[in-house]
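In what follows, a structure is listed as structure tokens, so that the remarks can point back to it.
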Amino acid sequence: TICTGADRPCAACCPCCPGTSCQGPEPNGVSYCRND
């Protein structure tokens, strides 16, 4: 399956890649996958 890499916006289609998790929202209102 396709996963969302670190420092990319969290996408409903695709979980964050292993070792990262969805964090946010940031000041721009977007949540990003970040390294754990």
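Don't overthink the numbers, they just go from 1 along the chain as shown.
Quick reminder: no glycine exception, Cβ is built from N, Cα and C everywhere.
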CYS17 pairs with which of CYS3, CYS10 in a disulfide, per Swiss-Prot?
CYS3
From CYS10, CYS13, the residue that Swiss-Prot pairs with CYS22 through a disulfide is CYS10
Near CYS14 (disulfide bond) in space, meaning Cα within 10 angstroms, which of the recorded positions do we find among ARG8, CYS22, VAL30, TYR32, CYS33?
none
DSSP output for PRO9 (site 'Critical for the neurotoxic activity') maps to strand
